[in-house]
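One structure is given below, encoded as structure tokens.
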């Protein structure tokens, strides 16, 4: 008799991230409409590209949010712990002797354990117990607690960055936010974090101010614009 597949619970961290992305995309789309999508003689307006990008982000994130709320987790590479465990189980432990099975059904050279009655010992699989199971560790080796902590840290950093816009301007706030996430949250090196953040802010300035002619909030310090 086949056991029906167990439906997994809602991934709260995924739902929060998808909801934030959908809200940000929708907000960018609405703000872009104020700049105008097209100018005279069917020329592209400064709000067309932000509207398209914001709309796509809102649609994709909204779809992922609905899927997550229905109880489906996003499939992922089962994590480093499970990959290592699967490799250890599948790989022979050495030579031709590993292929010979003992009366208990365990390969002679294998790593399996025998019970007192001669049968193989059933090793506990992933599930509830002390510590995270293989399914709970992502490809970066982060546990659910670490992922949740990083999520709330980034969410708080977004709020702080928004509050800094009147002081530092939009570009200055984006620079601080990018350096914080890269160096503090993701624990990258400070020099690569600064270089990548400066390049990202320069790209934003070039696209919106240089190419599209969209003025950005400069703040009291007057960065960008």
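Placed from the backbone N, Cα and C atoms, the Cβ positions cover glycine too.
Remember, TrEMBL labels are computer predictions, not curated facts.
Residues 190-214 are the range that TrEMBL records as transmembrane segment, among 115-139, 190-214.
The transmembrane segment (44-66) shares the most Cβ pairs under 8 Å with 15-38, out of the stretches 15-38, 151-184, 190-214. Residues belonging to the domain 'DUF1468' (20-217) score a mean pLDDT of 72 in the model.
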